Amino acid sequence: MNSITLTRPDDWHLHLRDGDVLSAVVAASARQMGRAIIMPNLKPPVTTTGQALAYRERILAALPAGARFEPLMTLYLTDNTPAEEIERAHASGLVQAVKLYPAGATTNSASGVTDLALCDEAIAAMARLGMPLLVHGEVTDAEIDIFDREAVFIERVMKPLLERHPDLKVVFEHITTAEAAAFVAAAPANVAATITVHHLLFNRNHMLVGGIRPHYYCLPILKRERHRQALLEAATSGSPKFFLGTDSAPHARGDKESACGCAGAYSAPAALELYAAAFEQAGALERLEGFASHHGPDFYGLARNTETVTLVREDWQLPESLPYAGGQTIVPLAAGETLSWKFVD
Ligand SMILES: NC(=O)N[C@@H](CC(=O)O)C(=O)O
Ligand SMILES: [Zn+2]
Ligand SMILES: [Zn+2]
């Protein structure tokens, strides 16, 4: 096969940041994706409908001329989010989901939720309105090993949450373990998951053997090979519960190459090519379209895109770095690597 044409994909988990950074990164996603679920972990976080709508305008203003990219907005859930704010968000028609960051779990999560019991009314409103809760699924307890935080979250938080709100639509974001893949596969239809391309392509050796590679450090952290295999199996299974979410999370080169480097991989510039490489590796290229372009809108209750995009088989090299805000540079995921699929503009 020398070319693949598929329905234009969407990115169901994307960080665009704000200001100069937004301007530096938004075109990369708009080039490949029709829509994206925009993460609300700005500083300060996007906690109200008013903030989400203003942020949406800034995203639209930062798009290159002629781009037809649609940002789908989210609210950042806090201990104090009132049920009325959920109703306002839903009524706007432009806020699609609410994001749960356990406080302290990841980048800009300090205002996140300390105890889900405090959010019970807000979550009940989401369940009533059919508004999905998007979950960064890691516990933050100091005594839990970083490699176990997702699996422990399933038992301590995810299962009790779904027992209390069985109809709540939940997206288990950026799953990284065999446990999470099995949990989602066995759950009812209101539970789905996004899978990043870095977790499909790399295991923790890639990040740690022969030297520490900070550009492969993200949260949840890369796991063992058996987990990568389980994720690849889930993504290529054809199950509508699994869909594309890059978790493309830009940080300036200097903030990654640091004694205390930031978590996040910038995968937007070659997202679709990298997913194609993962699906090809699994012998399942024919399943890429469902994962990238159908399962996400179906779960969110949105129409599938009508345009198509094409990848051709052609070797090309991802740049070692790209221009970023304030004269800085950013290192994309798989920088300097040769890819064998190329997105056609
Ligand atoms: N994935 C990451 O490692 N980082 C994300 C936050 C997140 O999605 O957890 C970021 O905002 O930088
Ligand atoms: Zn996260
Ligand atoms: Zn993320």
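Glycine is treated like the rest: Cβ placed from N, Cα and C.
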Given that TrEMBL records HIS13, HIS15, LYS99 as binding Zn(2+) 1, the matching residue among ASP247, ASP255, ASP298 is ASP247
TrEMBL records HIS15, LEU16, ARG17, ASN41, HIS136, HIS251, ALA263 as substrate-binding residues. Which of LEU75, LEU77, LEU219 is assigned to the same site? LEU219
Which one, HIS90, HIS165, HIS174, is listed by TrEMBL in the same Zn(2+) 2 site as LYS99, HIS136? HIS174
Nearest by Cα to ASN41 (substrate binding site), of the recorded positions HIS13, LYS99, HIS174, ASP247, is LYS99
Sparsest Cβ surroundings (other CB atoms within 10 Å) among the binding-site residues LEU16, LEU219, ALA263: ALA263
Local confidence of the prediction over the domain 'Amidohydrolase-related' (11-309), expressed as mean pLDDT: 98
Zn(2+) 1 site shell beyond HIS13, HIS15, LYS99, ASP247, criterion: Cβ within 8 Å of Cβ centroid: LEU14, ILE37, MET39, ASN41, LEU134, GLU173, HIS174, GLY245, ALA249
Give me the largest Cα to Cα distance among HIS15, LEU16, ARG17, ASN41, HIS136, LEU219, HIS251, ALA263, the residues the record lists as binding substrate, in Å as a whole number. 19
What does the structure give for the C-alpha distance between HIS15 (Zn(2+) 1 binding site) and ASP247 (active site)? Integer Å is fine. 7
